[in-house]
Each structure stands twice: as C-alpha cells, then as structure tokens.
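Handing you this structure, nothing more for now.
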Amino acid sequence: MASSYKMSEQSTTSEHILQKTCDHLILTNRSGLETDSVAEEMKQTVEGQGHTVHWAALLILAVIIPTIGGNILVILAVALEKRLQYATNYFLMSLAIADLLVGLFVMPIALLTIMFEAIWPLPLALCPAWLFLDVLFSTASIMHLCAISLDRYIAIKKPIQANQCNSRATAFIKITVVWLISIGIAIPVPIKGIETDVINPHNVTCELTKDRFGSFMVFGSLAAFFAPLTIMVVTYFLTIHTLQKKAYLVKNKPPQRLTRWTVPTVFLREDSSFSSPEKVAMLDGSHRDKILPNSSDETLMRRMSSVGKRSAQTISNEQRASKALGVVFFLFLLMWCPFFITNLTLALCDSCNQTTLKTLLEIFVWIGYVSSGVNPLIYTLFNKTFREAFGRYITCNYRATKSVKALRKFSSTLCFGNSMVENSKFFTKHGIRNGINPAMYQSPMRLRSSTIQSSSIILLDTLLTENDGDKAEEQVSYI
C-alpha cells in the first residue's frame, strides 16, 4: 500500500514536471512568434519611412532647388544687367518672382504633407493661407505666360503703336494687372476656409474638398488655365502667321537702289557751315543739297544699303523666338493639362472614383510645379546675354564684364558734336583694343534718345557696316 502510494506520488510529480515543461515551451514559442511579428512590423515601418525620405530627397533635389536657383538667377540678371532692363524683360522678372515664391512657400509645405501621409502637420490656421498662396502663385505664373504671348503678338502686329507704349511704367502697370487678376481668382480660398473635423481636429488634410469648393474648382480651372490657354494658342498661331507674312513680303520685295533722295530723315552731325546745329532734319527739295554734302554720299548709301538686310535678319530672329515660344507652350500644356483636367473631372463627375482622382491630383500637381523651374530655362537660355550673366553669377561674379564697362566709358566719351567719321575713328582705335566688338556698340544718339516712332525715320548708327546681323540679333528680344 505504501509502495503503491509512493509510485503514485512519483507518477504525479513526473506528470507535473512534464506539464510545466510543455507550458514553458509553448510560452517560449509564442513569445518568439510575437517578437518576430513586432520586429517585422518595425522593419516595415523603417522601410516605409526610408522610402518617404528618399522620395522627399528626390523632390528637393530634382524640383525645389533648381526652381529656387534658376529664378534667382533670372531676377539678378534683369536687376543687374543694364542691357536687359527693358519692358519685356520686366515681365520675365515678375514671372521669375512668382515661380520663386512657388519654390519657397508652396513646394516645401506640399513636400511636408507627403512625408506626413497627407495629414496637415502645421497649425490649422495656416492651411487656408497655404492653399491661397498655392493657387495665387501658380495662377500668376500661368497669367504671366499669357500676358507675354499677348504682348509679343501686339509688338509684332503693330510695332510702332506698341513701341510708343513700351515704357517701364506701362510694363509695371501690365504686371500689376496680372497680379490683381491672379489675386481675384485665388481670394475665395481664404474667404471660405476649410472644414475642420470637430471630433479629431488633429487629423485634418489640407485640400480643396468637392463639397465645400466644388464650384470654385470649376471656376478656378476655367479662369486660371483654360481661358489663358485659349488666348495663348490663338496669339501663338496669329504670331506665326504674321511673321510668315512679313518674311514673304521681305523676301519677294523687288530690290531698290538707294539714292540720296530716297532717305526721308537722317541724323546730321554738327557742321560749321550752318548757323545753328541740326540734329534731325527733314529732307525737302529746297535743302537737299545743303543737308547732304556730296563728300558723304557714298558713305551714307553704304550704310543705308544694310537696312533691308537688317529687316530680314530681324524677322528671322523673331521666327526663332516664336519657335522657342512654341516650346514653352508645349511644355506648359504638358505640365498643367493633366492637373486641371483631373481637377475639373473631380468637381463635375459624381460617379468617378474620388480616391483615385485625388491620388492623381497629388501626382499631377508636382508635374505642374516643375513648370515653375522650367520657365527660366526655356525663356532665358535662348538669349546670349542671359547665358553670359548666369555664368558669371554662378561663379559669384556680379560685376559687369570688362567689355561692358569699357562700352559705358566709350559711350560717355563719344559726343554728339563729333561727326560720324570722327566717332568711328575713335571707336576703331580704342574700342576693339578694350574688347568691344561692333555688335555691342550703340551710337550716342541712340543711348541718349528713345527710338523715333516713325516708319519713315532711319537712325544712322555710328557703326553699322560689317556686323549688322549680330547687332540685330543682340537687339531682338527672344521672349
């Protein structure tokens, strides 16, 4: 009995030990599985954060930095280079300011929302302000392109009337109108504000929702994109047609032999044979022999024979500029069309997949942002003066080149009282030695007075003989 009891006790003890061992093994195995699961989740989280960081770095390097840097170069070039300070380039400067503000205030915050998975990470009051700046600067960039195309077409179609209004003050008025139109399109965003989730105010996505901004999305797409697009396309084809027509007329114009009697207006030198010096004289039958001495006839005719060549060269340069403008329009369509078409579809299509459309908008808006970085490249790399300025600014050289400084010095040295022959001799002796080529030279009369507004008036520069094509190319705007 005692022996049986001892055997039973030993058996119970063995079973208890075995049970505890099994329980320990099960707990250990379960703990190991949970540990592996946690480690796997942590690994996936780290990998997800790594992908987000890589995506952010790619956007910063490929889009934001070039946008900021390129537009700063454009602003510096127009502000510092005297040769670039004319009305058309002030439009470019304003366009560069709009694109620069996109790179400084819009793109970084948009990138921040990507890193936080579309959750607004900043104070809620800043959300409407950021949306307003986004719409404002992007619209201003598009409106500047539209205004440039209109201004260019008018300048080619009616050059005399356009040149009369082509002052700095007029350019600033046009730029102000462009910014006011952009503000008018974007102002409904901060007025209406965004709809806040009362239950969870920290889980807010900063975006224009269909329920609250549906009508604005339709209006904004039409006013900020499709209307300017229509204007740009129409003016572009009208510009091409006008240039082709002018090129045809110049090409098929019968050659004319210029004589001393075919020149309606010339700038005269100060001559001792006259009682009072005349700068500009209208030629009539009673004074022709006095005003144009026979000794200068051949020189005058040689200078006037280049007018036709310069007209053809100018039209050729305008055609090349229009091709560059075509590249700008093509890139504009390529970069902004997907966003605005998707935005319009999201506002009008109730049966469409809203989640898919919102995802597409997040992608397409960055393609539109790229346009702000491309604009300064396309508009300025076709211009030699911009390229030279960019090269100096990149090397932190913000001073004018030696040739430009010398040109300013010679411009102040050459006087109106001297004859054209005397000024030409002075320039030939000193100008080439200091690095000034004939294409860079402008007569004191042109530097002092504005362009005479008449198709029958011809301005005789001091040097217009050998490098006429280069001079015309340098004077024609490539915008």
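Keep in mind that glycine also has a Cβ here, set from the backbone N, Cα and C atoms.
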Based on the record in Swiss-Prot, give the one of Cys127, Cys146, Cys165 in a disulfide bond with Cys206.
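Matching partner in the record: Cys127.
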May I ask you to find which of Leu73, Leu76, Leu80, Leu208 Swiss-Prot records for the ergotamine site already listed with Asp134, Thr139?
Leu208
State, for Lys157 and Thr395, whether Swiss-Prot gives them the same topological domain name and hence the same side of the membrane.
yes
Consult Swiss-Prot and report the residue, out of Asn29, Asn353, Asn383, annotated as N-linked glycosylation site.
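Record annotation (Swiss-Prot, N-linked glycosylation site): Asn29.
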If you follow Swiss-Prot, the disulfide involving Cys349 connects it to which of the following: Cys337, Cys352?
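When Swiss-Prot is consulted, Cys349 turns out to be bridged to Cys352.
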Roughly how wide, in whole Å, is the group Asp134, Thr139, Leu208 that binds ergotamine, by largest Cα to Cα distance?
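Max span of the ergotamine binding residues, Cα based, is 16 Å.
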Would you confirm whether the transmembrane segment (171-191) and the transmembrane segment (90-112) meet the contact rule of 3 or more C-beta pairs below 8 angstroms, pairs 6 or more apart in sequence?
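When sequence-distant Cβ pairs are counted, the transmembrane segment (90-112) touches the transmembrane segment (171-191), since at least 3 lie under 8 Å.
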Suppose I define contact as three or more CB-CB distances under 8 A, residues 6 or more apart in sequence; do the transmembrane segment (324-344) and the transmembrane segment (56-78) meet it?
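Contact between the transmembrane segment (324-344) and the transmembrane segment (56-78): absent.
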Long-range same-chain neighbours of Cys396 (S-palmitoyl cysteine), Cβ under 8 Å, sequence gap at least 6?
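Sequence-distant Cβ neighbours: none.
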Cβ pairs under 8 Å only, please: of the recorded stretches 90-112, 129-150, 360-381, which one is richest in them relative to the transmembrane segment (56-78)?
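The stretch with the most contacts is 90-112.
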Can you tell me the three-state DSSP label for Cys396 (S-palmitoyl cysteine)?
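DSSP assigns Cys396 (S-palmitoyl cysteine) to coil.
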